[in-house]
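Single-structure report; data block below.
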Amino acid sequence: SASGDLMIRNIQLKHSGKYVCMVKTDVDSVASAADLIVRGSPGPPEHVKVDEVTDTTAQISWQEGTDNHSPVTTYTIQARTPFSVGWQRVTTVPDVIDGKTFTTTVVDLNPWVEYEFRVVASNKIGGGEPSLPSEKVRTEEAVPEIPPSEVSGGGGSRSELVITWDPIPEELQNGEGFGYVVAFRPFGTTTWIQTVVTSPDTPRYVFRNESILPFSPYEVKVGVYNNKGEGPFSSVTTVFSAEEEPSIAPSGVSATSLSSSVIEVSWTAIPWKMSSGRLLGYEVRYWNNGGKEESSNRVKAAGNETSIRITGLKSNLAYYTAVRAYNSAGAGPFSATVNATTKKTPPSQPPGNVVWNVTDSRVILSWEEVRAMENESEVIGYKVLYRTSSQTSMNVLNTDKTTAELYLQFHEDYIIEVKATSDGGDGTSSDQILIPRLASMDARGSGASVLNIFSVSSFLPTIFFLTLNSVL
């Protein structure tokens, strides 16, 4: 450059070397030379090998790689196993390995686990590339050191003690022939009953004996062992034996039809002692007179409930029901069977010719009577459903007549519909009627005429009412 400087951008190790600057004239030339050293983080150490292993340690050695013109200050050791997530730094003795040391002892390894090791060198520039991995080596076996966690249990069938735990992962089993020692004793006694579970993946043991009383407390602990010997037990925890299933059936069972598709079944709660366990609830089975009792459907109610509604049934059909109590040990006997017949379907015909008349804030509605067909439930009244255009839920007015009066505030449009009601449920709704907020003065109409006229003249109030009155 004109200033006599040499700039090398993105400098790399390969740019090291002797640089010569020469000045030439027609008469003479002068040269000056300088050595350029580019320093970088170290290259990978070489020939990493495992010289010796015990159950928890490994002796590692290696050879230095290139230092890239900056002496290696420290080495770190990393390890990988079939159970680790990638490479992890491991603990060594000495803890800090200086750049002149090419051997170390890795500690705190798990017994009977396959390891690979690699070495990373660092200098003042930074950490370098890791070495190639060592050959795989397995640490020696040892007695297991960690007992199962989450020891618990309970439930099961009559005369059972169920004991559960979280299995020990393979990397902590420390050797071949791994299994569990399950120990238990009735609360307040001194002698432990012990049994061996030989499968390392097994998470439970069930002790069955006719002498086990229902819902009785047991002290429980679970230990570990392998071919090298027995390891520690978990801390002692309390587990209850299986509960006793209910022995009596609910009484006072009755069934009532609520509509064409719903039956309500109710019963009297059975007497229950806490010494027998916890009552979970009741099971109600039901079937129709065309079906078989063995293939009945079943629904469940929680322990504090004494009634349940069965929905989705067919109309005008006799259904049979029976109830039994249950807990974690099983179910008790069924009650006597009772039956109820669902009601006929609601009227399918909507109320016709719905007419409205507005005077001040009062809406007078009238409609034609709905007559049920032979296979439908008799009409017992009508429901008038109404809401403003901004509301999402309907208000309901019940009446046994074919007329109704509503007192409304006409600051918004109103939407109204009418449907018949019966024992079988609500019938089909009429078409929705739209009464505009402009109807606060005298107005009248029917569902069809209002919808047609209002869609045309909603922005022309004078024309709207003239048209409406002329049509009617």
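Positions of Cβ are set from backbone N, Cα and C atoms, glycine also.
The domain 'Fibronectin type-III' annotation in TrEMBL covers 44-142, 147-244, 249-345, 346-442. What TrEMBL records for 128-157 is region 'Disordered'.
Mapped onto DSSP classes, the domain 'Fibronectin type-III' (44-142) shows 0 helix, 43 strand, 56 coil. Along the domain 'Fibronectin type-III' (249-345), the predicted structure has mean pLDDT 89. When the domain 'Fibronectin type-III' (346-442) is classified with DSSP, helix, strand and coil residues number 4 helix, 48 strand, 45 coil.
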